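Here's the structure we're looking at; comments come further down.
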Amino acid sequence: MKLFGVIGKPVMHSLSPAMMNAAFRAQGVDAVYLPFQVEPGDLVDALRGLRAIGAVGINVTIPHKLGVYDWVDARTEAAEMARAVNVVRFTPTGAVGHNTDVSGWWASVAPFLGEGSLKVAILGAGGSVQAILTALAKERPGSEVLVCCRRPEQAEALAARYSDWLSVRHVASPDRHEAIARADLVVQCTPIGMWPRGEESPVESPECFQPHQVVQDIVYRPLHTVFLRQAQARGAKIVDGASMLIWQGVKAYEWWLEREAPVEVMQRAVYEALEREEANGHG
């Protein structure tokens, strides 16, 4: 039996085991996928241990994406561009780090977008934003990206990194509604709206949303955030946060096993798990 897993802290509420084990069962793959809670100080020992016991691959979540980036023996182009690793494949010649947050995010929004460069508004400047900018650099070079965050230096650092491909500018938080109104694509990348802040939204004036827009929230607990409900009420096309989670998992599965993933099975496993959580009144 092949061993796969996810490392992080916290990790016991991860939806990846349900998603990946459902995929293995659907395709008759003799494998198991387990969650491993790993303290930052134990990261290298954990990685060496997983390699020693013959693990085939792992997903990496908060707070280890940068630590694993430094540890692996080789990195893919996507990992290099995003400067973070969220999936590792153990091979006889070493550990290879990849980033499927990049292709997974793009797969979650691409079906709803037109051709050509985009005007994008991103709320927040955390780690997920680097994956989004990497995807835009690869798939929609020339796009204009407005990063709405409190600290200008975060946006300025991103602007410098991606200047060969994208026009990235900082927008102060008070001006975020104007930035949203101008965008084709709006992505919410802050923890606002996540339990226990489930009744909050970073948008105070929902009139900024437009019917032609695609609006995504990367929060998926709860699945239907106030932010998404605001956008939907204004006629925008909404994309929930579980979609990015699922598609990065699909891309990881296909990278590990070199076969097409059972996408519908993986989607069903995640949405059913989230529905059970919401029915039980917690995330």
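Quick reminder: no glycine exception, Cβ is built from N, Cα and C everywhere.
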TrEMBL annotation, NADP(+) site containing Glu77, Gly124, Ala125, Gly126, Gly127, Ser128, Gly241 - matching residue among Ile53, Ile58, Ile218: Ile218
Alpha-carbon spacing, Gly126 (NADP(+) binding site) to Gln248 (shikimate binding site), which is rounded to whole Å: 18
When distances run from the Cα of Lys65 (active site, proton acceptor) to each of the binding-site residues Leu15, Gly124, Ser128, Gly241, Gln248, the nearest one: Ser128
Position of peak Cβ density within 10 Å, selected from the binding-site residues Gly124, Gly127, Gly241: Gly241
Candidates Leu15, Ser16, Thr61, Asn86, Asp101, Gln248 (binding-site residues) with Cα within 10 Å of Gly241 (NADP(+) binding site): none
